Amino acid sequence: MAEIVPADPSTSNSASTSSRRVYTTTNTRPFTRLITSGRDHVVEPFDSEKLPVTLVSEIQKFLRVANQIELEEPRVAYLCRFHAFEVAHNLDRNSSGRGVRQFKTSLLQRLEQDEEITIRKRKEKSDIRELRRVYREYKDFIIKHSGDSNLQNSEKMIKARAIASALSKVLNTVTTAAGPQVLAESESIHAKPELYVPYNILPLDEGGASQAIMQLPEIKAAVAAFRKVRGLPFVEDFRRRVVCLDLFDWLQFCFGFQKGNVANQREHLILLLANTHIRKSHKETSVSKLGDGALDELMKKFFKNYTDWCKFLGRKSNIQLPYLKEEAQQYKLLYIGLYLLIWGEAANIRFMPECLCYIFHHMAYELHSLLVGAVNMETGERIMPVYGGGSESFLNNVVFHLYKVIHEEAMKNRNGTTDHSSWRNYDDLNEFFWSEDCFQIGWPMRLEHDFFCIDPSSDSKTKKPRQSVRTDEDKKSPNEDEEMEDIPDEGHKVREGKWLGKTNFVEIRSFWQIFRSFDRMWSFLILCLQAMIIMASHDLESPLEVFDATVLEDVMSIFITSAALKLIRAILDIVFTWKARNTIDSYKIRRNVLKVLVPMIWTITLPIYYINHRGKYTCYSTQSQSWLGEWCYSSYMVAVAFYLMTNAFDMVLFLVPVVGKYIETSNSRICTMLSWWRQPRLYVGRGMQETQLSQFKYTMFWVLLMLSKFIFSYQFEIKPLISPTRQIMRIGIKNYDWHELFPKVKSNAGAIAAIWAPIILVYFMDAQIWYSVYCSIFGGVYGILHHLGEIRTLGMLRIRFHSLPDAFSAYLIPHKEKDNKEGISKWFLCLREKAFEKNSIVKFVVVWNQIISSFREEDLISNREMHLMKMPLSSELFSGQIRWPVFLLANKFSTALSIARDFSGKDADLLRKIKRDDYMYLVVTECYDSLKYVLEILVVGDFEQRIISGILDEIEGSIGCSTLLEDLNMSELPALHTKCVELLELLVEGNEEQYCNVVKALQDIFEIVTSDLMLKGCRTLDSLYAHRDGDDSELFTHIEPQLFASARSIHFPLPDSGLIVDKIKRFLLLLTTKDKAMDIPSNLEARRRISFFATSLFMDMPRAPKVRNMLSFSVLTPHYMEDVKYSSEELHSNKEGVSILFYMQKIFPDEWENFLERVGTENLNASNDEINEEDLRNWASFRGQTLCRTVRGMMYYQKALKLQAFLDMAADDDILQGYDAIGKGNDTLSAQLDALADMKFTHVISCQMFGSHKSSGNPQAQDILDLMIRYPSLRVAYVEEKEKIVSEKEKIVSDRPPTVYSSVLVKAVNGFDQEIYRIKLPGPPNIGEGKPENQNHSIIFTRGEALQAIDMNQDNYMEEAFKMRNILQEFLHERGQRPPTILGMREHIFTGSVSSLAWFMSYQETSFVTIGQRLLANPLRVRFHYGHPDLFERIFHLTRGGVSKASKTVNLSEDVFAGFNTTLRRGNITYHEYMQVGKGRDVGLNQISKFEAKVANGNSEQTLSRDIYRLGRRFDFFRMLSCYFTTIGFYFNSLISVIGIYVFLYGQLYLVLSGLQRALLLEARIQNIKSLETALASQSFIQLGLLTGLPMVIEIGLERGFLNALKDFVLMQLQLAAVFFTFSFGTKSHYYGRTILHGGAKYRPTGRKVVVFHASFTENYRLYSRSHFVKGFELLLLLIVYDLFRRSFQSNMAYVLITYAIWFMSMTWLFAPFLFNPSGFNWGKIVDDWKGWNKWIVQQGGIGIHQDKSWQSWWYDEQDHLRHSGLGSRLIEILLSLRFFIYQYGLVYHLDISRQNKNFIVYVLSWVVIVMIFLLIKVVNLGRKYFSANYHLVFRLFKALIFLGVLATIITLSIICDLSFKDLVVCCLAFLPTGWGLILVAQAVRPKIEGTALWHFTRVFVQAYDYGMGIVLFAPIACLAWLPIISAFQTRFLFNEAFSRRLHIQPILAAKKKKHR
């Protein structure tokens, strides 16, 4: 039989893993007999991709196989389709599934069409024989080529296996249906394993045994260990079900796990074992046998959390191992396997690690009982698993019930609108298992337990307990002891369920949470403030005067405040945990009561002692020489001493952290008692103490910082305020400018409060400023010490390039282990080290060239730049002779030529001059050697060779005798240089027609050398010609050809060898490259990457191991609906005026040119039609924030690993051949490299919507499939939703949802997506925050010991991927007491290169991810997880809740909670700067503001969270300070700063309007208060964004030089960076404060498009109206009123100094969105914006009308947070609204019409005026309603009468009551704020007035206000738009970065304007 070749696929995707159920058809009516004869048969594939979701997993593989083999075997293809139809029909007979009926119809039509035609083409007599023939052909092909390492055959084998596997199933079915006779004749296929089992990494079926990865000894050892099932019970029974039984199969049959889960975790554990085993194999006896070291390490990692949990709860671990080593290994594998299978199927319960511990605890007991054959003592029956049974038994009986609780509780959240205290989140449910009460749930679980109660109201009826399915499960076994709880009898009625409520903590929405979490810090600040005020009041001249008895006693009064603060904290603890009382044990209750009683006693005792014994001292005289002199103390001081004794124990534990850690982590009774008073006993948060050294470092940091802060506060804020305060208190002011409401208040308390309040607020927040200063200092010093910025420029790179190979070999090349033997062994070792050094240079060259090639692939450099930057790979490298890249040697040869030409002197002097520059000497020698090489291979004639050899010998003789300058005419060298260049250009061109020119060039060179260059003539030439002249006369019988002209003289064209061509090209470049090459590479990104890579080689990093010994890792990328690749339509769409492609071409002009060069298009203006569309899409997508960019970057890891594995394995000769050549020519080696890379690295994309996109035909599905085809190692996990096909009876009985959810993993095979694993879920996985849930469902498919969580807006680089081995080694290096569990690394923001906003954001983000995190990690030790380049210690995190938290709303910033969780669970988080990844950020103001709002929302939810509370409470004092100021403290201090401005202005308003300020300034002569100015200056430091400016400048200085940093900082300020930072500051403070008060935190999608578009006025108003515009108008109003009424008694300069920052801030908040809006001052855009604004403001809202269409819809959405706000928050909102009534109250008394009357009736009359205004508005509104439509003229007359009436009233009042124009202005200033205040009150009480006329009037009133504010904002913008220079100026400062890089920004803007016109 001829060999077959599997057919190539014509369409469609991968084979399914789901095995088809055994089926028989009972339908006697054949489906294919309705034949329409006479049709023409056209062979075309049947669509196998768009299938009904309910059928796709069962039938797709048969339809795909049919398409693949249809051309060769049409009848077999028909039978496959027929089989698919019958499977579909049996699955859904009623066609009830979505799309099933249509699919069946189309497939049946195809079968009818094909039946007769395919029968005629059948080659055998029957269908069975035809099927058997084709099946045997494929089977024989598989047998023949098994073990073949040829890559092409390997792909064919995969295809053949898939086809044969499907055909075997069809053949089985047909044979079975044909009857017993045919069955007897056929082969028995049933007993054989499947020919093809889809696999992920390891082909564990029989057919995959020959693959390279299965040949690795560590894999063989792991697989062999798994297949040792000897000694296990029920093995023989299970072997009947499975051919190759292993431990995982045994666990599946015993405990009822899913098949897909078992297959997934089997591979997972084998890879873990293999990787751990090979790393430890140097300590073991054999690699081929699994050692105990690997297993013990995995046991320790997997069960550390479980054993800690058992100890915490006082339970005995159920992991019990036998003494026999062989059995112990089997037991260990079973325990690890059991845990992984539980974890792999646990779905959302994976977020609850202690719940998993509980499940494992009981199942491990059952496992041990099975293994030892334990018997129930009561029944005498063998103990069996409670939930054993079918393949989904564990899912249905365990996971589903727990999931149901999680799901139902999450539904109570109502998308974040309900209070956190009303539902249990993941943490609450998990923390229930921190208590011994969890064991009351029992096993089997008692579903009537309170834990499962969701809503007590729904459980009012009594319930029966769940019946057990086995007789021996109903009662407790005596052997189970305390592990198994009693289960109620079957007939016993169970009590009504009670909702347990919150566990341990309640997330109460209150600002008190900040005090409660960080009470020690607030107490410390308050006590220090009190102490400093007391000290300043005593006018101390020396710090030693504090020890004076009177002063000391007064200072010690702070402890009364301390006791009161402790009492407040204790009361808050009880109030805030009240809703968790059901889960708090009696010990905690007693502790809380005592925590209240003890401070209450001290709060009463200390004041009594202070009052009664103050000044009553007992004195003790010391020696006269003592500085103390006489020491006095009072009874109060003694009481304070006793009070402080309670803190002595805490001080000891702080000073000796090891003791504190032991006490907290120990479970002994004494330690428990010692720690009971300090902290409530919790499972997490114990033993977080750092080492003594780490503690000392961060303690010193905060001591220095706090000393600076307190000295500054005392000298410049508090002390200067004491004297003015005393003066104010002495003045008796009786005459006020208004009606004083509290005239009896003494000492001018209001004035003192107005002056002191802003100072106190600044005092509480200015530590943030000091933190910024110290962060810059410490971070900068740390960066310098760690070589950051060592190579910053190309010049520095050239200087240091010679040291790169050494640095590279020191860190990036694995070193062989050194032995310590002496003598000859040591000598051999030295030789080996020298050989290694030479070998390492070769490896450096290979890696360097690969990096440069990656730059070329990314179009960062051109072909010429690539040649200039690459290093030649030759055998000379082994001799230590390095050929440096040409860009380093640029201009060196021409310089040497100039020196030699003009030199006069001795040879030695010339040589010395050239040798001064090492590169110059090297390039001269290389050029000389290259010329010899070229002549050697070009000139082949014997005579010519002798001549050239002689000439070279003469020249070398002159060099040897140091007579070169005497023998040669150096001035002729330029001419020789020119001719050599001409020759080399001809050789590179290689055109045969240029043969004569080559000869001529050689002759010219020969003539120049012999005639011009050699002064004494050529002796060789003379002797040779003399020899020829002396020959016989035959020489003259014919004319000899000229030198080099004979046919055999030269070999041209040269041999087609890449090595020769490369050498000649390099020689040509060396001769021709001039100064321009000094700027190579010209691309800024390429420069930055090379510089950073070079710098990183000098940083401190671990040495790289061999690839085989490195830690394995995975990359996980969550993806939802973001762009995968830009579609062709998106690329060319001009909807916004500019297409993405046009934008990219102008922003990346050099990369566009390089791209055109790469694809072979010479014309730069070539149309896009000339370029392959897919190449175009890729080029543009790789420059945006797309998934394909992320995948390309992450897959560099695999490319780097394969290259590194090649360098580890290859011999020297192989390396010289080149990695690419070896990989393509040696299939065996290539397969081995792939195997190693696959074993070490996996990339999984969690494409949540891939299934739905695929079924709906969304192009994104095809883009993702294209990515999998391009990168075969890429895996995609998605959630499949399909309708469950159930009968009518099942619909009534079953309470399961009709939709079945599954986690599915796919890969690309034969151009299709092939399903690998399918794991059914208990329900929809997205019940919490979307991103962490998306990560969680797919994390089970990741592999390895480390996990890198990467967002889809990130990028990676080839050169950084080479360092992955190094950074993974950090996990093996213990830092202090603990090994790292999270490794942080740098991020480079790649979106900062275009607009100024993007630049600002880039620098701000860069300073945070570098200098900020550098300081957080060391010395502060509070770095958490802030983004997604971080590497997680995977096993640590999968056993402790995953890599993020997912509770709805509270875990909005899901990533940082991973860091919180890790720290609380005693993890260790480090930060390393020698590796970086790229990250994209938002580039437009609106996108940036949405991002800032999202982060601020997240921080406000963190403020309420239990994680922050526990960190704040359980860190030591100084680490707690670090935690506060680096997390929520930054946002809270921003809020305090804004509040401080309001407090200052309202205080000044009070002083001005009440007349106090005039009285104080005139009577007390207090001209200005220095401390007030100091405080306002401190605030402006934050307001102007200078808080982030200093660290930014330091970081830029480190990495780019301090001069560049200073230039950039000045340039940023000129580009209005202060405006941007001030505006962002407002965004942070608004959303942080509002979310804490009212909630409303939500994810805000920002969009990641690259183009910066114009935002309409309406859009800007919607986004910023309440967050910025309203506040800006309020500040403006305050400043105007203050300015109006202070003029007569205060200088203008003082006013400017005090308020300049506030003026700046108010104007920024009002106009920044328009300044930073592209084309914001374009007149055409202004006109469009005005029309859109008017349309939006009047549009009616309603259901379905989005907020961007209607003002009414927007207004309802904008105040949505108030609808769900609590009563307390509403009251606070109303109280804050009352501030607007101050204007009216103060200003009406300053009206001329009031005639200085101070009676309260004046204020009442002002409200009468307001009511009249409201009535007028209402009358006009009613008139419009009733008259405007039908009586339009009447309505106009009506309005005219009202207007005339109002005008007459004003004129009358001006004549009679002296009403002035100023009064009208003041009335507007008074009544406008009052109206807004009334609006805010109405919105706060909306539930009470909604539906009434009052609410309707409120809506009309707000609409009028919004319209008015819009007009005020729009008017100045429209006026400025008239001036063309304004638009040009805006374009310049907005896109200055683009202008400075000479980017073509103008064409983009011009295209936008053109589009607009």
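For all residues, glycine too, the Cβ spot is worked out from N, Cα and C.
Because TrEMBL annotations are produced automatically, they should be read as predictions rather than curated entries.
Remember, it's a predicted structure, so these values are computed and weren't measured experimentally.
Taken from TrEMBL, the feature region 'Disordered' covers 1-23 (among others).
As annotated by TrEMBL, compositional bias 'Low complexity' applies to 10-19.
Positions annotated as domain '1,3-beta-glucan synthase component FKS1-like' by TrEMBL: 330-446.
Positions annotated as region 'Disordered' by TrEMBL: 458-490 (among others).
Annotation comment: TrEMBL describes 469-479 as compositional bias 'Basic and acidic residues'.
Residues 557, 559-560, 563-564, 566-567, 569-571, 573-574, 577, 635-636, 639-640, 643, 677 of the same chain, all 6+ positions outside the transmembrane segment (592-611), place their C-beta atoms under 8 angstroms from a C-beta of that stretch. As annotated by TrEMBL, transmembrane segment applies to 592-611 (among others).
According to TrEMBL, the feature transmembrane segment maps to 636-659 (among others). When Cβ-Cβ distances below 8 Å are used as the criterion, the transmembrane segment (636-659) is approached by residues 552-553, 556, 559, 562-563, 602, 605-606, 609-610, 613-614, 674, 678, 689-692, 695, 1516-1517 of the same chain, each at least six residues removed from its ends.
Residues 528-529, 532, 535-536, 690, 763, 766-767, 770-771, 773-774, 778, 1419-1421, 1518-1519, 1521-1522, 1570-1571, 1574 of the same chain lie 6 or more positions beyond the ends of the transmembrane segment (698-716) yet place their CB under 8 Å from a CB of it. Among the features that TrEMBL reports, transmembrane segment is placed at 698-716 (among others).
Summarising the annotation, TrEMBL assigns transmembrane segment to 769-788 (among others).
Taken from TrEMBL, the feature transmembrane segment applies to 1523-1545 (among others).
Annotation comment: TrEMBL describes 1580-1598 (among others) as transmembrane segment.
As annotated by TrEMBL, transmembrane segment applies to 1610-1627 (among others).
Sequence-distant contacts of the transmembrane segment (1697-1716) (same chain, six or more residues past either end, CB-CB distance under 8 Å): 1396-1397, 1485-1486, 1541, 1544-1545, 1572-1573, 1576-1577, 1579-1580, 1583-1584, 1616, 1618-1620, 1622-1623, 1626, 1655, 1657, 1660, 1663-1664, 1668-1669, 1671-1673, 1675-1676, 1679, 1682, 1913, 1916-1917, 1930, 1934. According to TrEMBL, the feature transmembrane segment maps to 1697-1716 (among others).
Non-local neighbours of the transmembrane segment (1771-1788) in the same chain are 738, 1542, 1546, 1549-1550, 1553-1554, 1637-1638, 1677, 1681, 1762, 1765, 1794, 1802-1803, 1805-1806, 1810, 1866-1867, 1869-1871, 1873-1874, 1876-1877, 1880-1881, 1883-1885; each lies 6+ residues outside the stretch with a CB under 8 Å from one of its CB atoms. According to TrEMBL, the feature transmembrane segment maps to 1771-1788 (among others).
Annotation source TrEMBL lists transmembrane segment at 1800-1817 (among others).
The transmembrane segment feature in TrEMBL is assigned to 1837-1857 (among others).
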Do any residues of this chain, six or more beyond the ends of the transmembrane segment (1837-1857), have a C-beta under 8 angstroms from a C-beta of it, and if so which?
1793, 1816, 1819-1820, 1823, 1827, 1864
Along the domain '1,3-beta-glucan synthase component FKS1-like' (330-446), what average pLDDT does this model show?
91
Using DSSP, tally how many residues of the domain '1,3-beta-glucan synthase component FKS1-like' (330-446) sit in helix, strand and coil.
78 helix, 2 strand, 37 coil
